[in-house]
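Here Swiss-Prot flags 326-609 as domain 'ABC transmembrane type-1 1', drawing on sequence analysis. Residues annotated as domain 'ABC transmembrane type-1 2' in Swiss-Prot, with sequence analysis given as evidence: 975-1257. Among the features that Swiss-Prot reports, phosphotyrosine is placed at Y277. The phosphoserine annotation in Swiss-Prot covers S290, S879, S883, S916, S931. Per Swiss-Prot, topological domain 'Extracellular' is recorded for 1-33, 96-100, 155-172, 339-364, 570-591, 989-1026, and the stated evidence type is similarity to another entry. What Swiss-Prot records for 55-74, 386-441, 613-967, 1048-1090, 1134-1204, 1249-1532 (among others) is topological domain 'Cytoplasmic', and it gives similarity to another entry as the kind of evidence. Among the features that Swiss-Prot reports, transmembrane segment is placed at 34-54, 101-121, 173-193, 318-338, 365-385, 442-462, 466-486, 549-569, 968-988, 1091-1111, 1205-1225, 1228-1248 (among others), with the record citing sequence analysis.
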Amino acid sequence: MALSSFCSSDGSDPLWDWNVTWHTSNPDFTKCFQNTVLTWVPCFYLWSCFPLYFLYLSRHDRGYIQMTHLNKAKTALGFFLWIICWADLFYSFWERSQGMLLAPVLLVSPTLLGITMLLATFLIQFERRKGVQSSGIMLTFWLVALLCALAILRSKIISALKKDAQVDMFRDSAFYLYFTLVFIQLVLSCFSDSSPLFSETVRDPNPCPESSASFLSRITFWWITGMMVQGYRQPLKSSDLWSLNKEDTSEEVVPVLVNNWKKECVKSRKQPVRIVYAPPKDPTKPKGSSQLDVNEEVEALIVKSSHKDRDPSLFKVLYKTFGPYFLMSFLYKALHDLMMFAGPEILELIINFVNDREAPDWQGYLYTALLFVSACLQTLALHQYFHICFVTGMRIKTAVVGAVYRKALVITNSARKSSTVGEIVNLMSVDAQRFMDLATYINMIWSAPLQVTLALYFLWLNLGPSVLAGVAVMILMVPFNAVMAMKTKTYQVAHMKSKDNRIKLMNEILNGIKVLKLYAWELAFQDKVMNIRQEELKVLKKSAYLAAVGTFTWVCTPFLVALSTFAVFVTVDEKNILDAKKAFVSLALFNILRFPLNILPMVISSIVQASVSLKRLRIFLSHEELEPDSIERWSIKDGGGMNSITVKNATFTWARDEPPTLNGITFAIPDGALVAVVGQVGCGKSSLLSALLAEMDKVEGHVTLKGSVAYVPQQAWIQNDSLRENILFGRPLQEHCYKAVMEACALLPDLEILPSGDLTEIGEKGVNLSGGQKQRVSLARAVYCNSDIYLLDDPLSAVDAHVGKHIFEKVVGPMGLLKNKTRILVTHGISYLPQVDVIIVMSGGKISEMGSYQELLDRDGAFAEFVRTYANTEQDLASEDDSKNGVSGLGKESKPVENGILVTDAVGKPLQRHLSNSSSHSVVTNQQHSSTAELQKSGVKEETWKLMEADKAQTGQVKLSVYWNYMKAIGLCISFLSIFLFLCNHVSALASNYWLSLWTDDRPAVNGTQENRNFRLSVYGALGILQGVAVFGYSMAVSIGGIFASRRLHLDLLQNVLRSPMSFFERTPSGNLVNRFSKELDTVDSMIPQVIKMFMGSLFSVIGAVIIILLATPIAAVIIPPLGLVYFFVQRFYVASSRQLKRLESVSRSPVYSHFNETLLGVSVIRAFEEQERFIRQSDLKVDENQKAYYPSIVANRWLAVRLECVGNCIVLFAALFAVISRHSLSAGLVGLSVSYSLQITAYLNWLVRMSSEMETNIVAVERLKEYSETEKEASWQIQETAPPSTWPHSGRVEFRDYCLRYREDLDLVLKHINVTIEGGEKVGIVGRTGAGKSSLTLGLFRINESAEGEIIIDGINIAKIGLHNLRFKITIIPQDPVLFSGSLRMNLDPFSQYSDEEVWMALELAHLKGFVSALPDKLNHECAEGGENLSVGQRQLVCLARALLRKTKILVLDEATAAVDLETDDLIQSTIRTQFEDSTVLTIAHRLNTIMDYTRVIVLDKGEIRECGAPSELLQQRGVFYSMAKDAGLV
């Protein structure tokens, strides 16, 4: 009553009147309702939003937008609206002053509306100042205001049309003007304002249009339409992609995660374990002695912190970093879930309307409109939710990849052993992807229970306590699902472990492929990969069985819930009638229930997978980091007067839980000194340099360095970039300095050889450079950086005597470019030693002697004894200044020197060195040096010489042949059986629902019961059982078929890659191949079978829904075909772009892995040059490039879904509309069936297109696997028809007949018309300058490259006519770069297990390794690290010698095999070869000419041609090329 008096002066105007508004054929709202509710609703909306929105804008300033015409118009209209409201208010005051009785509402409403319009105007300007280009808050406000005004407008028009209507001219005119202005404001709010000043969008040449899109465009994803149109017209290219939004870039995302992780680690008080090394107590040792004997065991005392640490929580860190943005998705999801239940409730109203023949028609149309609007709102809310989830997932992946990359740059060497390259790549690819996938569905953890609870609540209202039967079924399923989740986790862990092992092995195979081919070991390693793959597939098969059972329970649970509920409902009381309303409203609710019940186990499974990945990432990110602070660094100006390097009583170790590698190191080096470090293999020379670089853990002592450091590793690390960029290494080009460095490092002649000079791309790991060229590039990089301290780890080993002498004189020596720099040179060359300032003699991890050359000779210690012995025994071959004579023999027992350090026996008990190769503490990377560098320069343009082929994206539609290939890989029987079972499942589902509609139409008997109840129930149950059997069958068939396909596709890929020629690996970045074996194969393993199941399910569901709608309302046939056409067009329109975006994303992913691999291999070089930040930026850039393709693809999904769901919503609209129109001729059961199916069709259509797109985008993985399964292959491995006899070659006679060789068809010859015959048993040396064609000759002999012309005859057989393995098994090579693989030492010697242990031990003894291997705890089963890291380079070289001794073939090739070892090791190898290969033909490519002076012949190559050939003594007499080389080496 009070409200009536508030609305009218006489209290005659109620707020609500059912007779006026509902029970009438011409409904209207009361005046009071119009003046209060319809006027106040927009006001209350804006005022309720204002506080939070104002706070949000205050904290998120995006910049200042200049006043534009659009903004001026909106502001002006806001003032006009305010004026209209105040005019209405003043008019009311005027009326009151005239004595009229006015209702209070006429004063209150204009006042409230006027203040609200003022607030709206203020917000328009405040948004402009804060950089808001389009406001969702304001657009919603104007929309609500317009809708409310529209109802009032209709009422005013109806009133005005009445004859006796009283017209209030002023108020009506004011309202019409108000309505017009609100409509204009709404239209203007649909447009976006200009970009803020100084924003990223203004500066970006290709900005993402999202940032400047209007609110309406953003919620409908209209802003991406331009790209979709472009993609439909022609295939998208990477240049068409927009820049990432700033908030999605690595620059923004990664630092936040890394900082939060650091804070979490501090909170968890995760202190590293301290390890104190102490000797065992020895009562016989003098009390004052502090030095340890190398042979004494060292105890490690592990001192743990007193309090128990908890592990840092990565989940907390992820939540803290991404939670706030992600929380917005909660609101959208909650809104969507609530709107979802509007459908069944409106369905109930429609069924009641159909049953009520007296109800006015407009109510049916209203219900139809409500159903359509609720469906549309549901669509918009759902896809905003998905968009936020996908963007969050993308950001998480970016952050995780960035964090892993940054961590990989700083972890310790012991940590690197526990995380191999393959495992870290998996962290970046598979584990990061798991988080991405989980972000989409994690909200289902709370949403699914909410949906289930609401569904059960509405079911209780509909069916009463009978619903408890359904609840009981669901509760019974909980423990079952829990057990399955635990099992899934177990299988997931096992699967990831197998995958890590496989990727690790594949990485090693790809890095060592050249060695595998030379040894003909491809089959052995193929078997190793397949064994791991077999274990992986076993786990996948178990997971498939589990998935089949899971799918069976998930699909059948909703049906069992419905069956049990209906059964209890109709049997508990005979009077309970299952009518259309109860059945189909319940069925609609059961359909809602189906999704959370189906998705929840999948979400649990995803969470389980993500938890495994979370743990793996946490372990990796928790690895101990190197401590650069362990070495004190001073700048030149701050450290004046100090020595350049000072080391006091320092002890270093490679791993904290292992004994030290270097003990009691003490020395000081003044500024500008040249220091040589000499010693035997494995004595700690390279470790000393690594210690100075802070690559090792310092146990005790003090180390100080003054100035910047440059480092040249023992094995050169080369990037996949141009020669120039490898030398500049991120520094600006200074032409004069650059040329001086190139000349000093003897690189100018090489520029003539390279096709595009220093702009030639030199390939991944420098594949097209020789070993010497790579070493000189590495040296040039260091020299160019102009540092203060140079650490040079044997840089002269891989170059010939002439070049070595040149480099020492021009770069390292007293008159070289570095003459004023502090230099520490690890070397084996005696001739350099008289010119150095200080010599450090290493032995057993200690400094045995130290002093100048003359001081050490005067001291008459081990060094002096060696020099005298060497001079006496070798004087017939070399003078004392032989530039390549090695420093060795320094490990032999000698009397104790002054500081009490013993020099231990070299062979007796060598120190096992963890990392002589300190270039990267990783895989040996240089094995792939091909002599492409020996090409003649022939005016090839710069842009034509790209050695490495970037990963290419296919274009256009995925060919049907790809699907057919996948079906064949599955097996055609299984494929067609799966389709048949899918059909059975959906036919039985349709039949059961149609049966239900017939059941609901049964008329109750006179006594109020249904006569056919039990029959109906039995058939309904039987159809459900048939559905369950079909579900289990197709799920099992698809899963098992998927495993068959995965096995076949992997095998094809592996076999083809291993059978590819070396040229394939030289031009294909390893990242491309790793991508195929990791991400693409994971898609085939895990994704494609799931997508097939969902695609087939969606397809049959859509067909079924259309059939039901057409059966119920045949008139729908008028609208279904046009909507079908729209659907088809939108789908094809979308797929064209989506498919190409997926391809571009896949292609841009490969460089991320390639760069990551490259970084891991050269991490110590990067750290030494302090280039971490530059490499981090490069990595971030590559990740962002990858996400540039991914982001449009997820938005395209949303674009499609919104449009297709609109098509689906139209089907709902027309199904309900036709049901309302035909209500007099339709039964309630058919109406219920039709509308309930139409409610589902939106989801089905959405899933169908998503799954068809997912199918096409994921099948791209098959396409990409097939791409590398069909590349050109090298010649057959075995040819039975031409296989040589087992005794071949019996003498070892090798004949080159007019032999020519080129590396590619478009390149020049590198060997030109070689004609030479080498008799069986001859020992032939092959010499020549760098790039002369020496290595090319061996590549031709092993047919790594096939001949361009001519032939090679071995013992009468043309090697081109026999199989490659027939050839390569019969020739042995000891390569320049010794490559070992992870696995046992025995496997590295004999991968085919052809030889007995006795034969292996004999080979080790002859290779001088027996003592070393015997001292190892596991002997032959000693586990070699990845790339043989835990052996020194010299020890690895001796392992290669042992391989050759085991094979004992008639032809042996040494490709600069002793270049990187000291003279003693060289002598050991040479003496073994002379005795053990006495009857064999030996071809030696040599830099140390003294090793071939006793050979029968020497071949001198120059520019691919034989210049000289003859006995060494003859060639010396000729005084030609060989004589000049011998002279440079000091041999004449």
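Here the Cβ of each residue, glycine as well, is placed from N, Cα and C on the backbone.
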Handout entry: Secondary structure composition of the topological domain 'Extracellular' (339-364) [DSSP: H/G/I, E/B, coil]
Key = 20 helix, 0 strand, 6 coil
Handout entry: In contact by Cβ distance (the transmembrane segment (34-54), the transmembrane segment (1205-1225); 3 or more pairs under 8 Å)
Key = no
Exercise for the section: By DSSP assignment, list the helix, strand and coil residue numbers for the topological domain 'Cytoplasmic' (1134-1204), in that order. Expected result: 67 helix, 0 strand, 4 coil
Problem - Positions whose Cβ lies under 8 angstroms from the transmembrane segment (442-462), at least six residues beyond its ends - result: 329-330, 333-334, 337, 340-341, 344-345, 348, 385, 389, 470-471, 474, 565, 581-582, 585-586, 589-590, 592-593, 595-597, 599-600, 603, 606-607
Completion exercise
DSSP composition of the topological domain 'Extracellular' (155-172), residue counts helix/strand/coil, works out to 11 helix, 0 strand, 7 coil
Handout entry: Tertiary contacts of the topological domain 'Extracellular' (339-364), as residues 6+ beyond its ends and Cβ separation under 8 Å
Key = 24-25, 27, 370-371, 374-375, 377-378, 381, 451, 454-455, 458, 462, 580-581, 584-585, 588-589, 592, 1216, 1219-1220, 1223-1224, 1226, 1228, 1231-1232, 1235-1236, 1239
Fill in the blank from the handout: Residues outside the topological domain 'Cytoplasmic' (1048-1090) whose C-beta sits under 8 Å from one of its C-beta atoms, at least 6 past its ends, are 422, 425-426, 429-430, 433, 499, 502-503, 506-507, 509-511, 513-514, 516-517, 522, 525-526, 529-530, 533, 540, 544, 720, 763-764, 767-768, 928, 930, 932, 947-951, 966, 969, 1038-1039, 1041-1042, 1146, 1149-1157, 1254-1255, 1258-1259, 1261-1262, 1264-1266, 1268-1274, 1277, 1303-1304, 1339, 1344-1345
Fill in the blank from the handout: Long-range Cβ contacts under 8 Å made by the topological domain 'Extracellular' (155-172), restricted to residues 6 or more beyond its ends, are 26, 28-29, 34, 88, 91
Handout entry: Tertiary contacts of the topological domain 'Cytoplasmic' (55-74) (same chain, 6+ residues out, Cβ under 8 Å)
Key = 124-133, 185, 188-189, 191, 193-199
Practice task
For the topological domain 'Cytoplasmic' (386-441), jot down how many residues DSSP puts in helix, in strand and in coil.
Solution key: 50 helix, 1 strand, 5 coil
Practice task
Tell me the residue counts in helix, strand and coil for the topological domain 'Extracellular' (96-100), as DSSP assigns them.
Solution key: 2 helix, 0 strand, 3 coil
